[in-house]
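Taking it in order: structure first as structure tokens, then the write-up.
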Amino acid sequence: MDTVLHVALGADLLGVFFFAVSGSLLAARKGFDLVGSLLLASLASLGGGVARDLILNVPPAAFTNPVYLVPPLLATVLVYFVFSRVERGMRVLVVFDAGGLALFCITGTLKALDAGLHPVSAALLGVTTAVGGGLLRDVVANEVPQLFDPRDIYALPAMLGSVVVTVLYLTGTFTLVTGTVAASLVFSLRVLAWRYGWHAPLAVRTPDARSPGVGGGR
Amino acid sequence: MDTVLHVALGADLLGVFFFAVSGSLLAARKGFDLVGSLLLASLASLGGGVARDLILNVPPAAFTNPVYLVPPLLATVLVYFVFSRVERGMRVLVVFDAGGLALFCITGTLKALDAGLHPVSAALLGVTTAVGGGLLRDVVANEVPQLFDPRDIYALPAMLGSVVVTVLYLTGTFTLVTGTVAASLVFSLRVLAWRYGWHAPLAVRTPDARSPGVGGGR
Amino acid sequence: MDTVLHVALGADLLGVFFFAVSGSLLAARKGFDLVGSLLLASLASLGGGVARDLILNVPPAAFTNPVYLVPPLLATVLVYFVFSRVERGMRVLVVFDAGGLALFCITGTLKALDAGLHPVSAALLGVTTAVGGGLLRDVVANEVPQLFDPRDIYALPAMLGSVVVTVLYLTGTFTLVTGTVAASLVFSLRVLAWRYGWHAPLAVRTPDARSPGVGGGR
């Protein structure tokens, strides 16, 4: 149990950092300034966890432990000094976003299970935590969220990861090793889906829905 | 009282289903995939209720009772198999959205009154519940929310419904019958307003504000 | 302490009114109707405080005290009857928004300190309260938030104000006078930054990032 808690805290902070970098990279692509970069990094990295904690009715970690502010600050500085080529931003953004997605679906599900939620609800909250920050990031930056991009899959790996973690937890086989394997699986699936354009069927069965739909909606 | 609770639960689930269909239909129009359809259906149908429960400081129903996940799943499947003609989506979308609006303003107001809120606050929370899910749905899909469309009226029927339910509740005349009448009234007003373009005065009195305002803002 | 509470309540309601006017003015610019004006005023003026109260786990003031509904109603009426020249809206909007920003960073930080939050977390919650309502307002109206506009500074004055209030509070020197000075400082910095185009460095160091970034993102 102690291991679970430590894995959860470490993974949570690492996930916060990954999403924070994705926020600062999007700020760079949109031409925002350093303050906007810090705010978008904070929203992307802390928004999902705050939503999770509000739903669990526990004090949001981001507002009780100031250490959660370090990752967004680091990300803002890192993007400012390291990523000077804005045009390469999307590839790096997707990779960091995938890292946050992988860690948050696991930590979110674990926190929900520890709080005694029904397994189905816990998996749902894990997915909410994982996709919430990135959704907020894209919405406030006035972009169609990556989450809804039909050209690859985004939420499916997080759903899979949340279910896997729930099963591991219920069967008493969640360990540092199995948790790491689950996170790696989610991360790999998301990055491969993006790289090779794996996609799910569209919301309607109309044969020619994809082209006009995307053309009209974007 | 028992009747009130049953009406509230049944009406809540039906309202969830109506908003879920509106979410999946918008996903279809925007060219999202099946996973995006499920997520937009979930956000549209569960978002308003989660906000309501967080404000009332009770555990959000969507995260404590897995039955709330059934309507979004059903809606996603229904839209995939039944609504293959995307171009007809808007009319159906408005009708389902109006159904959710009608039921949520009533269930939201009732839950708030049961929780002991001031009648004015209860009516406000009913309206928030009713318009919240549809607002989230439109915002994350990067659309100007239906709520703000000046060509018809959207929130006014929900406001009326919340006030009517508050009065019925306070006078002890809320029953299955009067509740159903109130919901039908909200639904009919919203659909008729959309069909016949009933609209409210603009936010400013400038005689020619409508044309440039709409032209610039959209 | 009593003075602190009175300052906080009065300033809170005044801040609500300022943000409400900014919401109604944006509704006017976007061509929304009177109901949309009332709703955008309510969201802009009450959204940040509701988020703050949810994070502090206290009942949201907007839903427990109906007096909070008066400012949005007043703002809607004021904008309808007074601001008939929509094209002058942006200047007035920025000034009212700056008034809300100045008061909310102070009242938000004070409420968080009174609730016993860590000083760093209290300052963070003050900034969240201050920028939250305006962010919601711009996002639901489908605009790139003022918060992220790289042509001037928006959040920096609020951050400064929250830190100043935290220091005043911790050193026991927060009074009606010092609080008013702090609010005036935040307001002046924000309005001057907007008027003279003071801006922060961009999120990346690329020399020519500003022009293509802004061009692409807007």
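Glycine is no exception: its Cβ is also placed from the backbone N, Cα and C atoms.
These features come from TrEMBL:
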- A:11-82: domain 'Glycine transporter' (DOMAIN)
- A:95-169: domain 'Glycine transporter' (DOMAIN)
- A:6-27: transmembrane segment (TRANSMEM)
- A:34-51: transmembrane segment (TRANSMEM)
- A:63-83: transmembrane segment (TRANSMEM)
- A:90-110: transmembrane segment (TRANSMEM)
- A:176-193: transmembrane segment (TRANSMEM)
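Remote same-chain partners of the transmembrane segment (A:63-83), defined as residues 6 or more beyond its termini with a Cβ less than 8 Å from a stretch Cβ, comprise 13, 16-17, 20-21, 23-25, 27-28, 34, 37-38, 41-42, 45-46, 49-50, 89, 92. Confidence annotation: the domain 'Glycine transporter' (A:11-82) carries a mean pLDDT of 93 in the model. In terms of DSSP secondary structure, the domain 'Glycine transporter' (A:11-82) contains 62 helix, 1 strand, 9 coil. Taken through DSSP, the domain 'Glycine transporter' (A:95-169) splits into 60 helix, 0 strand, 15 coil.
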